[in-house]
Amino acid sequence: MNKVGAIVVAAGKGSRMRTAESKQYLELAGKPILVHTLELFERIREVDSVVLVVGEGDVSRCESYKTQYGLDKVTRIVAGGGERQDSVSLGLKALPDGTEWVLVHDGVRPLVSEQQVLACLDKAAVTEAAVLAVPVKDTIKVVNDKGHIVSTPDRKSLWAIQTPQAFRLSLLLQAHQMAGQDGFVGTDDAMLVERTGVTVHVVEGDYYNIKITTPEDLPWAEWIMGSRRGDGSK
Ligand SMILES: Nc1ccn([C@@H]2O[C@H](COP(=O)(O)OP(=O)(O)OP(=O)(O)O)[C@@H](O)[C@H]2O)c(=O)n1
Ligand SMILES: C[C@](O)(CO)[C@H](O)COP(=O)(O)O
């Protein structure tokens, strides 16, 4: 695949984590969560460059991570925006010339495996757009603002969407431009691409690729990391 760029978005406030320090900088197995994520992309031969999107006040500490952790693929560190979508848009503008494929990944998903990233990328190479996801395990209900159940969608068609999400760069640029023009705000990039009419393909990932979102996710992430040390099986 020609020229693959990754955008790692890490400009969120982490309000659901309720810590003074933004969650992407909390330690996991002795390193900031974000560093684990960046190290993964550093190791993936197929990824040529990484654009890191962080809070305005965090650019200089992330510059220092580059030398401290040998993150040579991180070519640009840019300030993000108010919504995740804005942060991705700003990251898109910072990709090196000649980039043809893009992987968008949450800085707070440090546990995705290299194999899954490559599976997602491979699927995008033949379909233009692919995302990792897992089938939901619970019964999901639609509940109204009175706390009453409105409906129960068929679980067979429900998937929890993860990152990375991989796209041909020109397609994702078009999707962001369209969303911007329409004032549409989505919680992931697939939603924006879906609006262009292009089919987004799902690649089954695994349940270990959690997004560190709320306090109970941290000990679970530590356990997953610990269980991988030595054999790399999870
Ligand atoms: N304006 C934003 C919002 C989110 N993100 C990033 O998008 C990813 C997924 O977002 P989420 O887990 O929802 O993070 P936060 O927005 O930080 O969390 P919260 O909603 O609890 O405040 C995170 O890596 C986060 O840093 C971002 O780059 N820019
Ligand atoms: C992109 C994403 O990780 C897919 O699950 C997620 O939508 C982004 O974070 P949020 O929790 O929706 O803010």
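A Cβ is built for glycine as well, from the same backbone N, Cα and C atoms used for every other residue.
The site 'Transition state stabilizer' annotation in TrEMBL covers R16 (among others). Cβ-based neighbour count (10 Å, all protein chains) for R16 (site 'Transition state stabilizer') stands at 12.
Sequence annotations record features per position, and here TrEMBL assigns site 'Transition state stabilizer' to K23 (among others). Of all Cβ atoms in the protein chains displayed, 27 besides its own lie within 10 Å of the Cβ of K23 (site 'Transition state stabilizer').
Annotation comment: TrEMBL describes R155 (among others) as site 'Positions MEP for the nucleophilic attack'. Neighbour density for R155 (site 'Positions MEP for the nucleophilic attack'): within 10 A of its CB lie 13 other CB atoms from the protein chains shown.
The site 'Positions MEP for the nucleophilic attack' annotation in TrEMBL covers K211 (among others). Cβ-based neighbour count (10 Å, all protein chains) for K211 (site 'Positions MEP for the nucleophilic attack') stands at 18. Secondary structure at K211 (site 'Positions MEP for the nucleophilic attack'), taken from DSSP and collapsed to helix, strand or coil, is coil.
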Spatial neighbours of K211 (site 'Positions MEP for the nucleophilic attack') among the recorded sites R16, K23, R155 [C-alpha, 10 Å]: none
